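Q: A single structure is presented below for examination.
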Amino acid sequence: MRPSGRKLDQMRSVSIEPNVMKHAEGSCLIRMGETHVLCSASIEDKPPPFLKNTGLGWVTAEYGMLPRATTSRNRREAAAGKQSGRTQEIQRLIGRALRAGVDRSALGERQIVIDCDVLQADGGTRCASITGGWVALRLAVNKLLKAGIIVSDPIVDNVAAVSCGIYAGQPVLDLDYAEDSTAGTDGNFVLTGRSRMIEVQMSAEGASFSRDEMGQLLDLAEAGIAELVAAQKAALG
């Protein structure tokens, strides 16, 4: 039995509320159970220096957690004067994942920055950030298209992410914190709307896993991604 009472293949409730920020070109609030992440997309009219005069655009991400997103207060990283290794790893993952769904030549020489701020954390914050970040990105690109700033849609497919793991000896979908903190194996799966893999991160936390178990987790992830893509489409109308 899962702590939440969910079935092994059952996602947490998912909702994506678009256009929640006045100034950002794209934004949404994604809720996956008790994990809530505010995602925004900001368009910058020039690319990073390493892409100057290449005709290519860029998508990057920044990630952070509010001090009281967790059960006890975490000190702001700005107050500490540096980002943790975890934060840097997660924001690089978000950027990589979202770039995989973009034709950067169609985007042109500009950069879109995705900011993901965790309001409340209960496991799966990086996956929620990728899924919500894509919605914010899609909304920002829509504004570029509507304004005639770009003529071809650079978004080639949806991008979403979900966690899966081995909990109490059973493969489960969409781990919350109670499961994630005690899972024998856990992984993050980033897929496109067509179920093509962008990134798979799996690690044995308490017990090694078999190839068959990895396949079972991938099957769960594909089903979960399908639900998330449907939520993305519903949010966009």
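Just so you know, glycine gets a Cβ as well, placed from its N, Cα and C.
Keep in mind that what you see is a predicted model, and the values were worked out from it rather than measured.
Here's the feature list from Swiss-Prot:
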type: BINDING; residues: Arg86, Gly124, Thr125, Arg126; note: phosphate binding site
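Map these features onto the structure and tell me what's around them.
A: DSSP assigns Arg86 (phosphate binding site) to a helix in the three-state reduction.
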Q: Return the maximum Cα to Cα distance in Å (whole number) over the record's phosphate-binding residues: Arg86, Gly124, Thr125, Arg126.
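A: Farthest Cα pair among residues binding phosphate: 13 Å.
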Q: Let me spell it out: for each of the binding-site residues (Arg86, Arg126), count the other Cβ atoms within 10 Å of that residue's Cβ, using every protein chain shown. Which one has the most?
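A: Neighbour-count leader: Arg126.
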Q: List the residues in the vicinity of the phosphate site, defined as same-chain residues other than Arg86, Gly124, Thr125, Arg126 with C-beta within 8 angstroms of the site's C-beta centre.
A: Tyr63, Ile90, Val118, Ala121, Gly123, Cys127, Ala128, Ser129
